[in-house]
Amino acid sequence: MAIQTSNLGYPRIGLQREWKKTLEAFWSNKINEEQFLTTMKEIRLQHVKVQQEKGIELIPIGDFTYYDHVLDTAYMLGFIPSRFSEFTSYLDVYFAMARGSKDHVASEMTKWFNTNYHYIVPEYEEGLQISLKDNRPLRLYEEAKQELGVDGKPVILGPYTFLKLAKGYTQEQFATILKQLVAPYVQLLSELHAAGAQIIQVDEPIFASLTKEEVQQAKEIYEAIRKEVPNATLLLQTYFDSVEENYEEIITFPVSSIGLDFVHGKEGNLNAVSKYGFPADKTLAVGCIDGRNIWRADLDEVLTLFTTLQKQVQTKDLIVQPSCSLLHTPIDKTEETHLSTELFDALAFANQKLEELVLIHSALTQGTESISNELETYRNVHHTIRSSAARNREDVKAARTALKEEDFSRPLPFEKRYELQQVALKLPLLPTTTIGSFPQTTEVRQTRKEWRNGIISNEQYEQFIEKETEKWIRYQEEIGLDVLVHGEFERTDMVEYFGERLAGFSFTKNGWVQSYGSRCVKPPVIYGDVAFINGMTIKETVYAQSLTEKVVKGMLTGPVTILNWSFVRNDIPRKEVSYQIALALRHEIELLESSGIRVIQVDEPALREGMPLKEKDWDAYITWAVQSFLLATSSVANETQIHTHMCYSNFEDIVDAIRALDADVISIETSRSHGEFIDTLKHTTYEKGIGLGVYDIHSPRVPSKDEMYKIVEQSLQVCDPKYFWINPDCGLKTRRTEEVIPALEHMVQAAKDARSLLKTNA
């Protein structure tokens, strides 16, 4: 049996974020197109070289991109919306689709399955000419071969996943458009095969959540492609979950190899292999190293997995690979020497994961004795962090054990609470507020940097934050907002800020991952038991409240969002980590309330995106996610108003969960898809406080009062005015002051006009 090492995809951003810097330099005209292309080629080839040096045999080619791999596929297949027709050059069209321009709205962006990466949504239009516009995978395959002598493994997004992720067609059109994709995919694969590609990876992550009818439809497309390209060696790659429900059919697809995720879909895929075996004439590609987290693998567990598989399958060959692309992990841990030894040793970023694949390959081909020293090291590392004081806090254990049913619910139902809150807060009909943050100007960022570098003292920094807070409290009063915020000038990031103030978190210096386009994030590492230390938001919020007679909201990030936007320890269930965060936040909320703060917002923008891919697994996730929010927020008095904020994503999927959160008011980011959301509310009632974003904060445009009034008017057709709030769709941190003030003035005027109309019609 031949066994090879393979990688599914490598991080794009560069060890020092060279990729990001090159992109942004090009966008700001600091480098020209030739310099941009030359630098990008250097980065791309360097990534191939690293994987070659690490000992990976099947090196992915074509996973590199200038923005997003789904956008690459859309451009390649001619899915270019007509509004971009005036652009002529490849890069102009490509980046206009990704980012928009002064006169062109960008294509929509959304989360890549249940990860924290975002892709550009392909758009189908009537009359679209689907064809192979550009065989980019072929160019990159030939480049690696000529420049480095690497016979790589081209990686392409499969036709079924691509079209399922696209928008702009009706369900009735889907089958017809899918058939139109056969010809360009045939041409793409034929040209790759003719150029010498030994194996071509076709990614179909959507296969983890298809119906039986959809799998059959996908199979017919692959049969049509295979008929035209009979000799190409295709690896059908699935990831992010198991394909258990459709495994029996998927293993009959006309492909040479099938890749399965034995990390996030381990139980389901093992069950399926045990029940149905695996075809002897196909290669099984085993996703055995977690491509979505940063922890060293348990090599003993991985080798046990292979022992199990080798007993159950008769396949001629095996491939050892990560569970998914390493796009979701930082590149290399070597710079993280500031971390404690026990934590540093327990980490494995992308380059370390490649080394783990090679170790497993050695054990499988030469016996475990060939890596006996490494196995012993790994066992010691796991034992050290498992038994560390950080992971075994008695106070955290005791708090969890002491939880009772009443800790997860408010004393009174919403209607009665809301009445008490109206009396206590004295807010008008259709109250106005913002989501939390105000512009983080160059001065704000520079002052924070000087403070962190020790150039200015704590006292000087605090005085600066107070000055900014007072300035924006006055702005809000002048604008006429009803519920104010302190502005969050002390915060760099809504998760990092809290992680820095809670026990159990650590932070990397260079642990960057791509979020979307050139935007990179550095997720906190939850490595130990999470616990409250000291007040995190009290000082700034209480100071802001002291400046005004109006109500000031406390602002916190919710437990599920902190969890979903961090790298999370993998030795206990995510539910338990979420409860630990919730208990810490509960303490903070109680402190805010006892300090006189009567409205407290606990944001959960990432609640939906943490949901499992399979609908059958949703209930279990939603149950503990909702319980986490309730645990954090349920100890306050009935008169204290709890708000939450969410980013809109398939509201219908989670409307029951949103109700169960029992927040007094929810604000939802809907400005880009307001019509869809209004339609949803026509047949899905929501009977609690709700604010639908009345303008898009992601655009520098200042919308008119009339535009916002129209949205309020539409919203009031499906929302009870008694419970309706008026707000922007998200925080205003990234906007400029000269954009924010007029936009909020228009919003307040729209609210006043709406109140007048309601009074007239009463």
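From the backbone N, Cα and C atoms, a Cβ is placed for every residue, glycine too.
Going by Swiss-Prot, these are the annotated features:
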type	residues	note
ACT_SITE	His698	active site, proton donor
BINDING	Arg17, Glu18, Trp19, Lys20, Lys111, Arg519, Cys520, Trp565, Glu609	5-methyltetrahydropteroyltri-L-glutamate binding site
BINDING	Ile435, Gly436, Ser437, Glu488, Asp603	L-methionine binding site
BINDING	Ile435, Gly436, Ser437, Glu488, Asp603	L-homocysteine binding site
BINDING	His645, Cys647, Glu669, Cys730	Zn(2+) binding site
Checklist entry - For Gly436 (L-methionine binding site), what residues in its own chain, 6 or more apart in sequence, show a Cβ-Cβ distance under 8 Å? => result Val485, Glu488, Lys553, Met555, Gln601, Asp603, His645, Gly731
Checklist outcome for this item: The largest Cα to Cα distance in Å among the residues Arg17, Glu18, Trp19, Lys20, Lys111, Arg519, Cys520, Trp565, Glu609, listed in the record as binding 5-methyltetrahydropteroyltri-L-glutamate, is 29
Next on the checklist: What's the number of neighbouring CB atoms sitting within 10 A of the CB on Arg17 (5-methyltetrahydropteroyltri-L-glutamate binding site)?
Outcome noted: 17
Checklist entry - In the same chain, which residues outside the set Ile435, Gly436, Ser437, Glu488, Asp603 have their CB within 8 A of the centroid of the CB atoms that define the L-homocysteine site? => result Thr434, Val485, Met494, Met555, Gln601, His645, Gly731, Lys733
Checklist entry - Taking Cα atoms as reference points, which of the recorded positions Ser437, Cys647, His698, Cys730 is nearest to Cys520 (5-methyltetrahydropteroyltri-L-glutamate binding site)? => result His698
Item to check | Between Arg17 (5-methyltetrahydropteroyltri-L-glutamate binding site) and His698 (active site, proton donor), the C-alpha gap once rounded to whole angstrom | outcome: 24
Item to check | Secondary structure of Glu609 (5-methyltetrahydropteroyltri-L-glutamate binding site) (DSSP, helix/strand/coil) | outcome: helix
Checklist outcome for this item: CA-CA within 10 A of the residue listed as 'active site, proton donor', subset of binding-site residues Trp19, Glu609, Cys730 in residue order, equals Cys730
Item to check | Cβ atoms near Glu609 (5-methyltetrahydropteroyltri-L-glutamate binding site) (within 10 Å, other residues, all chains) | outcome: 19
Item to check | Trp19 (5-methyltetrahydropteroyltri-L-glutamate binding site) in three-state DSSP notation | outcome: helix
Checklist outcome for this item: Cys647 (Zn(2+) binding site), DSSP three-state class -> strand
Checklist entry - List, in sequence order, the same-chain residues at least six positions removed whose CB sits under 8 Å from that of Ile435 (L-methionine binding site)? => result Val485, Gln601, Asp603, His645, Ser667, Asn727, Pro728, Asp729, Cys730, Gly731, Leu732
Item to check | Annotated L-homocysteine contacts Ile435, Gly436, Ser437, Glu488, Asp603, maximal Cα-Cα distance (Å, integer) | outcome: 13
